[in-house]
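Peer 1: The following block contains the structure, expressed as structure tokens.
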Amino acid sequence: MKTTLRSSLLAVRRDLPDRARRDALLRERLADLLAREAPACVGFYWPILEEFDARPVIVEWLAQGGPGQRRLAALPVVTDPREPLVFHAWTPDSPMLEGRYRIPVPAHNQPLAPDLILIPCVGFNRQGYRLGYGGGFYDRTLAALDPRPRAVGIAFEATETPALEVQPHDVRLDVVLTESATLYSEAAEREA
């Protein structure tokens, strides 16, 4: 079921009309969220397979950090497919290497602990659960990190699906950002 749903949602994302407008709206929502949440360190992802590219927002957010307001960004690195992700420091000038699964990673091994993580979603539901690529990396990572960082899913509204089957190991996101909404999960609303 998840494999079929994943394939279908990847096709929806690939074929989205007016992608430039959707990306611009999502960039605005992400910038607003970062201003509101005021994290010290943001973990984000290198975009693949038509994912939203958060890098321009992260670059701007890093540049806006003033005196006494050090801001850091980090990218996930797969050290072992069965282990949680580790996050390594990233700047716009960071040299990059090809990592596992051919996804670029920072060349310098400088681990950081993000207090907010942007997580790409192949699909999502209104309860705050996401469908990823099936490796379980973000679920393992969120379950292992203590304190747990704020988990923000990044998705396009067309990939919302009530058909998402939630498994016991699935970790709920705190927020899902789309080009048209900022959706807080029930757990995040109770904590607010």
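Glycine residues also receive a Cβ, built from the backbone N, Cα and C atoms like all the rest.
Residues or ranges marked as ATP binding site in TrEMBL: Lys2, Thr3, Thr4, Leu5, Arg6, Arg130, Leu131, Gly132, Tyr133, Gly134, Gly135, Gly136, Phe137, Tyr138. TrEMBL lists Glu51 with the feature substrate binding site.
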Peer 1: Within a 10 Å radius around the Cβ, which one of these binding-site residues has the most neighbouring Cβ atoms: Tyr133, Phe137?
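Peer 2: Highest number of other Cβ atoms within 10 Å: Phe137.
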Peer 1: Per DSSP, Thr4 (ATP binding site) is which: helix, strand or coil?
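Peer 2: Where Thr4 (ATP binding site) sits, the three-state DSSP reduction gives helix.
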Peer 1: How many whole Å apart are the CA atoms of Gly135 (ATP binding site) and Glu51 (substrate binding site)?
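Peer 2: Checking the Cα atoms of Gly135 (ATP binding site) and Glu51 (substrate binding site) gives a distance of 17 Å.
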Peer 1: Among all protein chains shown, how many Cβ atoms are found within 10 Å of the Cβ of Lys2 (ATP binding site), not counting that one?
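Peer 2: Excluding its own Cβ, the number within 10 Å is 15.
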Peer 1: How big is the Cα-to-Cα gap, in Å, between Tyr133 (ATP binding site) and the residue listed as 'substrate binding site'?
Peer 2: 12
Peer 1: Taking each of the binding-site residues Glu51, Leu131, Gly135 in turn and counting other Cβ atoms within 10 Å of its Cβ, which one has the fewest?
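Peer 2: Across Glu51, Leu131, Gly135, these binding-site residues, the one with fewest Cβ atoms within 10 Å is Gly135.
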Peer 1: If I take the alpha carbons of Thr4 (ATP binding site) and Glu51 (substrate binding site), what is the distance between them in whole Å?
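Peer 2: Thr4 (ATP binding site) and Glu51 (substrate binding site) have their Cα atoms 19 Å apart.
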Peer 1: May I ask for the distance between the residue listed as 'substrate binding site' and Leu131 (ATP binding site), taken between their Cα atoms and rounded to an integer number of Å?
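Peer 2: Roughly 13 Å, rounded to the nearest whole number.
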Peer 1: Return the residue, from the listed binding-site residues Thr4, Arg6, with the maximum count of other C-beta atoms within 10 angstroms of its C-beta.
Peer 2: Arg6
